[in-house]
Amino acid sequence: MAELLLGVNIDHIATLRNARGTDYPDPVQAAFIAEQAGADGITVHLREDRRHITDRDVRILRQTLHTRMNLEMAVTEEMLAIAVETRPHFCCLVPEKRQEVTTEGGLDVAGQRDKMRDACARLAAAGIQVSLFIDADERQINAAAEVGAPFIEIHTGCYANAETDAEQAKELARIASAATLAARLGLKVNAGHGLTYHNVKAIAALPEMHELNIGHAIIGRAVMTGLKEAVAEMKRLMLEARG
């Protein structure tokens with residue numbers, strides 16, 4: 001069974017800061033608190049429209065984090081250049097649409113193998129480990145292995161948004177099957193999107209899971225209980241699921 005890690009996404013600390021155009025709350029300070037509370041890594045999504053995390057945030061976080069930076073980004077020339085210059089520990093390549101509220105669905109790796117292969121090779125040459133954010137789909141998992149990504153991150157949105165227990169169980173089975181296939185192909189398996197304190201345990205219990213990236217639920221809880229307590233509680237639930 002893989003060791004289970006928690007990556008805390010701090011995008012919405014920046015969302016709150018940018019809502020008033022101030023310099024607070026500071027994502028760098030939030031990252032430090034999250035690390036102290038047990039986060040194994042810090043995830044940030046540098047979007048093309050810079051709606052929350054900024055280039056400056058990325059630079060400072062890379063210099064100050066005590067754990068690992070996971071930079072989520074679209075597969076564009078601009079973002080690849082920023083990643084190669086900044087050299088985060090991990091890059092998670094995601095699809096991106098300007099009009100979306102949050103990332104909707106996974107990358108179509110199978111439909112753009114050459115582009116993904118080139119991006120993975122370029123990032124790997126800079127010493128960056130690459131993850132591809134994909135749906136729990138056999139075709140996409142096979143394609144991820146073919147293009148040379150060492151990690152995938154399974155999109156858990158359909159599981160998280162399921163309206164009935166039966167629908168959620170079906171999505172969980174799909175994720176479990178996808179994780180098993182990925183591990184068999186030599187891929188390390190992460191997961192994220194829509195995971196909360198109420199639904200995380202079933203995903204955390206899957207033996208192939210290496211890291212869960214969780215943001216909105218933790219920041220939402222932090223408003224009520226404080227960030228340190230919110231991160232620690234999520235980590236406790238994840239480890240509890242592993243027995």
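The backbone N, Cα and C atoms fix where each Cβ goes, glycine too.
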**Message:** Quick check on the annotation: Swiss-Prot has Arg20, Gly194, Gly215, His216 binding 3-amino-2-oxopropyl phosphate, so which of Asn9, Asn161 does it put in that site too?
**Reply:** Asn9
**Request:** Give the sequence-ordered list of residues that share a chain with Gly194 (3-amino-2-oxopropyl phosphate binding site), lie 6 or more positions from it, and have CB atoms under 8 Å from its CB.
**Result:** Thr156, Gly157, Tyr159, Ala160, Asn161, His216
**Asked** Of Glu72, Glu153, which of the recorded positions has the most Cβ neighbours inside 10 Å?
**Response** Glu153
**Message:** Measuring Cα to Cα, how many Å separate Glu72 (active site, proton acceptor) from Arg20 (3-amino-2-oxopropyl phosphate binding site)?
**Reply:** 24
